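> What follows is a structure written as structure tokens; I'll ask about it next.
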Amino acid sequence: MITLKHIEATFERFGFLKNQSLTGNEIQQKMDQMIGTKDMDRDVLNQILAQCHKSINQNYEQSYRMQDLAQTIHSAIIILGNKLEKIKTDIHTFREKQKKHQTQMSATSNSSEFKHIYLMINSANNISKKISYTDCHLQVALGSQSQRLKPIEHFDKVNPEFNREIEFSIPNNIYILTIQLYTKQNDSPLPTLMGQAQISLSTLEEQLKTLKLQLKDPLGKEVGCFIDMQVQLILNRYEYLQNQVGQSGDKIDQLTELNKQVAYQYDLLTRPFRHRHEEKITNENGQTSNQQESSFIQLKKPEEVAADPLQTSKVEINKTDQNSQPEDEYPQAPYDLDLGMTIFSFYGLITLFVCSAKPSFLDVLVCHGLMFTVFLDRFEPEHVKLVGLGLMASIIYDILWLSQYHSWWDSNDQNNPEWGEEASMFLKIILVLTYIQFFYKFLVFYYLYQFYKESLDPVKSYIFKIWNIEYKVGKNRQYVFWQ
């Protein structure tokens, strides 16, 4: 697997150092140099640069830091790898579906007089959280025909997913299809009917129709949840199966074409760093990495790829969770952010002293917001903006408070209505701390702005080391690349 460190090491090997910035054209030349030929597709590179944090250099051109570019490329490689894996799974699913329909066609007469009904049960939705249960199932019945559907493994108790296809032949004089939802507790021997719904066959059409069936209890009262499903009336089953075989074939062709495009992008992004990664494995193990080389396909552009539709789907790609990174993939936080956390900590300390006498609950909330940015991984623009608004509100509050109480400083009147006659010295100490805190907030605001700038880049993730404890920020962020 190509890691962030491998990417950064390869860039440094070709003279693109950390914290150094290059323009788009310079990065294009550098990538061509790394590949060895002028094969770096500018369109793909532009997609990467569009997701990367940028700045303006002295010549008023957009430039990109190596660290930011490496992190963006690494995230794109992970997502493209997962996308290839999903496409491969989808192609396999549609091939199996196509094969199944072809088998059914061979056993079905073209002149069949029986009608059929096709159902795709997606999920049950909006089950009340007050209903406690450990298992559930759907019972679907048409006349004497009945099927019991279990939800997927590790299902959501509020919106259990079923994702099941079923098909019934329609007997004569049967006009109603019934769907019932049952729930069951571990200590209960029998399941409990939670709700049911009925579909009148006379309302169905030959086109696929999406339904949201509201469930009702045996007394006819709606229970609040519904079944999300699709239903279709099949008048000629042979023609329907023929249709399904054609649709599956079209879907396989679309996925194969998409597979070529995604595999081309994946190959293009990994190619500059592949040799560096393989050399490292060779040096560590003392053997050649022919097996490693064979696990990466050498692709041409999508329009030049060989005709084999599963050529790229045969590649074994390391599975990586999109919302997680290996432990060593979190770089140390920049100096400005590290110093910012120190500034925030002193701000919290001053606030504790001030709050011993002054009702400054807004400052306490701001302190919590600042700490949560790292301690609870709230490294997001919306959170930082909210904390910034709270900080501005606390500055306005300080101005109003100081304008009211600074007059006590030189006053001979010891009858302080707030704290009593003996409180003048204590009041002066609090006033001094409040003035210090007031001006200190502008420094806090500056470093909060540094956090905001870094959080705008959706791939940024860092490690903060505070009192020898490491806090990872950025692991809960959503990736927006290549969707």
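Cβ atoms here come from the backbone N, Cα and C positions, even for glycine.
Please treat TrEMBL annotations as automatic predictions, because they have not gone through curation.
As listed in TrEMBL for this protein:
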type	residues	note
DOMAIN	99-215	domain 'C2'
REGION	310-331	region 'Disordered'
COMPBIAS	310-325	compositional bias 'Polar residues'
TRANSMEM	346-374	transmembrane segment
TRANSMEM	386-405	transmembrane segment
TRANSMEM	425-449	transmembrane segment
> Would you mind splitting the domain 'C2' (99-215) into helix, strand and coil residue counts from DSSP?
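With helix first, then strand, then coil, the domain 'C2' (99-215) has 11 helix, 59 strand, 47 coil.
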> Which residues, given as numbers and ranges, are at least 6 beyond the ends of the transmembrane segment (386-405) yet have a Cβ under 8 Å from it?
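Cβ under 8 Å, 6 or more out: 358, 360, 362-363, 365-366, 369-370, 373, 427, 431, 434-435, 437-438, 441, 444-445, 448-449, 452.
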> Where does the mean pLDDT land for the domain 'C2' (99-215)?
86
